[in-house]
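In case it helps, TrEMBL gives these features for our protein:
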type	residues	note
COMPBIAS	1-11	compositional bias 'Polar residues'
DOMAIN	123-325	domain 'Ion transport'
DOMAIN	415-682	domain 'Ion transport'
REGION	1-34	region 'Disordered'
TRANSMEM	92-110	transmembrane segment
TRANSMEM	169-190	transmembrane segment
TRANSMEM	227-249	transmembrane segment
TRANSMEM	299-322	transmembrane segment
TRANSMEM	410-433	transmembrane segment
TRANSMEM	445-469	transmembrane segment
TRANSMEM	481-501	transmembrane segment
TRANSMEM	521-538	transmembrane segment
TRANSMEM	559-579	transmembrane segment
TRANSMEM	657-679	transmembrane segment
Amino acid sequence: METESLLTGSVNGAPGDYGSRSGPDSERALSSRRMSYSVARESCSVERDTDDEDLYVQQAIVFIEDAIQYRSINHRVDASSLRLYRWYYSRICQWGLGLTITVVLLLAFVERPSSLSVSSDPRHRSTPWEPPCGFTESIEIVCLMIFCLDLAVKSYLIGWDEFRKSKWLIGYTVVISVSIIDWVLSVSMVCDEKLRVRRLLRPFFLLQNSSLMKKTLKCIKRTLPEIASVILLLALHLCLFTMIGMLLFAKTEDPKKNGEWQLHFRNLTTSLTSLLVLLTTANNPDVMIPAYSLNRGYAIFFVAFSVIGTYCLMNLLTAIIYNQFRGYLLMSVQTSIIRRRLGIRAAFQVLSCQGAQREAQRFADLGFMDREQFRKIFEELDKDRIKEHPPLPQYNSLILQRLQVIFSHYYLTIFGNAVALANVICICTILVLNSEKSTAERDNYILEIINLCFILFYLFEMCVKIFAFGWRGYLSYRNNIFDGFLTILLLALQITIYATYRLPYSHWDPSSHGVMSLWEMVRLVNMLIVFRFLRIIPDIKLMALVASTLLDLVKNLRAFAGILVVVYYVFAVFGIWLFEGAIKPPPEISVLSNTSMENITSNLTMECGTYEQLQYWPNNFDDFAASIILLYDVMIVNNWQAFMDAYSRYTTEWAKIYFVCWWLTSSVMWVNLFVALILENFIYRWDRSHSCSVTDVERIRYETSVQLMFKYVNEPTEEELLCQLHQHPHLHLHW
């Protein structure tokens, strides 16, 4: 969220800028202007350990910063604690803590089993680099010491009473303690331990450092009962059709009619697995072919199962997750809104106390500000930021003025988009004509001449826009920056081609080499031209809205991605513990690793569609990076039954529980949750921009943080705010 202005508003009709981003600058700005206005006098006093009147202003600054960042104000407010508090929440400290969390999470890629090899395929993988004992342990203990310092500072700032109420801080203490004990055991065993418990606990450091992640996790926990009810209904649906299937496809005396029984309904476990995979459509229509080939009526069973389970119950689950999670998130965000209002109210209260009022008497001629006016100033934090473009340059010549009107017109951009489309069509046409030709047979002469003409037009378009808008005006549009950068890059590549291969002529040798071959350079130019065509996105309102929604998801919904990182991390660690080295390719495959796929398949008797026949050897749990990719493949649910079947055959049937749990967590829970958030984000932006033009969409920078998406909640009353202020553990107000 943008926080460039702490206070933006006007007093008695005079606009003013009363602060800036949190930090020393905001302190100086507010201190230099701190009594350029005075709050309305209210009878109050604040108990202090010191008579320093500047403390009131320092407290107000911190409370305002807390309001901007949606932080709780329940912390110590004496002078030394405020300095420590502002240092702790400074950008450098928070970046340092974030870097520490990143480093401790990335250790899993280096620790044994190491992921530092080119390939994860056991047939081709070279011996990965294993760090010496003490290398990763030294890095880890430094990170743990930083976490200890972080815990100590947090505990001191909120006080012992608040610490005992915080389950997250108590959990933080336990996790750090267990990690240090496990680290000591690891070092004492000379890094030869088989199980590192602390590895499983590391994602907690990421969770506890984000208040929005904690809120999301809490909302997910509250949504689980509703989700469980639908999952139980899915389980009932699955069990019912499993029993019907086992009765329908029972073993007969005729071996020719036992294909369905033998492949998919041989026993209870196989039947459940087959229909569970069918629920995800991963084995459709394979699962029904043996029966369907005998009698077309058997298709009714599988169609009925898919319609009820896949298209009704699974979509109902998405609707429940969207509705219930949104409701709980709305209540959770209400807490953040209350924190902001409480911080603003606390800042007003300390500024209206006796010490600050005495300081204000020197500036009484500028007028006073009551509580409502003070609150309205901070409503600017919830408004859209309007990006104003610099004024157009002024030209004295009438001819230049008319040219400026022409070149600054929106139709020039439309014409430029049409030219870019024509360029892409030309490239596509030539690629189709040359698709069957080798590099030596391609004639790039015509394509180079065409590209040169188009690039010269792009250069002309860029120059006339700079003439019309000026440098600052041209660069104030993000699509112009994108367009101009690619135009300059394309021009540089063209100059390089002509400098390397002389002027174009019809007998160019495309395979000749300089730094790059001619074909490689032409291919790079073509890719950049195609990429440049994305310039049309900001000029099509709906497309711009969709693209900006995706960008906002990346920027503002990182907390939800963080939850997914935590889930991936935990399941990957469990996967390594359970299945590391479980699947090894047979020796004959290792010997034939350099032969063709056809030879390998023909020399082995493997069932079609199995892990071995599909050559899924790189997908394994032999190291952390490979585990992440395998979990991703299962989350996509394409051929996920091959992994589940393989690990259940190589280990035990109970391995299926692991894969089903991951499918429920990732594909059912998280993907549906993410769909719900995309819907909410898009609806929010659509509703706000529905009446805007393309130009307005370009000018307005929508602040789609989660708090602002749900900001239209019930505002706290004055009585609720005062009640919470009275309960502040360190700020004792007397009215």
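Keep in mind that glycine also has a Cβ here, set from the backbone N, Cα and C atoms.
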Below 8 Å between Cβ atoms, which of the listed ranges 169-190, 227-249, 521-538 makes the most pairs with the transmembrane segment (657-679)?
227-249
Tell me whether the transmembrane segment (521-538) sits in contact with the transmembrane segment (299-322), defined here as at least 3 Cβ pairs under 8 Å among residues 6 or more apart in sequence.
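With fewer than 3 qualifying Cβ pairs, these stretches do not touch.
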So what's the average pLDDT for the domain 'Ion transport' (415-682)?
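On average, pLDDT over the domain 'Ion transport' (415-682) sits at 79.
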Would the transmembrane segment (92-110) count as touching the transmembrane segment (559-579), if touching means at least three Cβ pairs under 8 Å and pairs must be 6 or more apart in sequence?
yes
Other than its close neighbours in sequence, what residues sit by the transmembrane segment (410-433), given a CB gap under 8 Å and a spacing of at least six beyond its ends?
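Contacts with the transmembrane segment (410-433): 446-447, 450-451, 454, 457-458, 461, 464-465, 526, 529-530, 532-533, 535-536, 539.
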